[in-house]
Amino acid sequence: MERLDPNVVYHFSHPHPLYLSNSQSLYTTSCSACNLQPHGWMCSCEPCSFTLHISCTQMPNFITHPSHPIHPLTLFAAPPYPGGSFKCDGCGLQGTGFSYRCTTCDFDVHMTCATNPLSLAHQSHPHQLNLVYYPPYQTKGFSCDICRRIGSNHWLYRCGSCEFDAHMECAKSANNRPSPHLQHSNSSPAPNNVNLHQYQQQQEKQEKEQQKQRRQQQKEQKKQQRHQQKEQRHQQKEQRQQQQEQQDQQPSERPHGADNIGTLMHKMFQGFVEGVARQVGETVWRCVCGGD
Ligand SMILES: [Zn+2]
Ligand SMILES: [Zn+2]
Ligand SMILES: [Zn+2]
Ligand SMILES: [Zn+2]
Ligand SMILES: [Zn+2]
Ligand SMILES: [Zn+2]
């Protein structure tokens, strides 16, 4: 991208110069990169009905993403497939806008999926939800704890310690309200004696630490139980759904040993990914937030 005139943008995704314009005045077409509605100033080619958010013109040409740490991903303005669409390896849906792609592995993700936050909060759950790249269940699916529907073997948001799973879209929906327990219940009065106050705080802190440790131990025990229960529930749910849909396909049986290896690999991979995720998250977010 090159800027000769401050009001004209040249972007590799379009053969003509794009002109800065205010979305409210002109355009009803959605952004060709992210398919979302126009907002703020847009970079547009009017004769072609082609328009991009300013932030979408500023996406980096290459990123590394924790979902595919072995290769860098390249920004594609149009999918290189006949028919002009791709299947997103993140959300599983068809895509037509900008994508990040590993040409070596034919790995494609929506630009918007690649820029999903690696963790977020949702009012339906008290803990942070982390983006994970496949459900950790043998069934390769999950049931969403927000909309109660089945989710497929794709990216999801998840609180691992509570086995709370959610579709990406569900976790991102109506996500601007703070969760109730994060709100201040009441503000404590200013202490007369600062030292006493500090001492009390220390005592409380120690007590809380101990409670926390006890809770953690209990949690660890329950966690294993819950995981098994949830997997069973999910299996039942999926069976019901399969019966309803009367699918002919039989789920393939894996030998027990393979599942253990899978779990181990998953754990190792997860550890690695979390390290990379922090770095990449920052990089991606600088790029995303840099523009608008
Ligand atoms: Zn856009
Ligand atoms: Zn044009
Ligand atoms: Zn996607
Ligand atoms: Zn690759
Ligand atoms: Zn859902
Ligand atoms: Zn939780």
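We count from 1, first residue shown onward.
Cβ atoms are placed via backbone N, Cα and C, with glycine included.
The domain 'DC1' annotation in TrEMBL covers 12-56, 66-114, 123-171. The region 'Disordered' annotation in TrEMBL covers 175-260. TrEMBL lists 175-199 with the feature compositional bias 'Polar residues'. The compositional bias 'Basic and acidic residues' annotation in TrEMBL covers 204-240. Under the heading compositional bias 'Low complexity', TrEMBL lists 241-250.
Residues of the domain 'DC1' (66-114) grouped by DSSP class, helix first, strand second and coil last, total 4 helix, 16 strand, 29 coil. Mean model confidence for the domain 'DC1' (12-56) is a pLDDT of 88.
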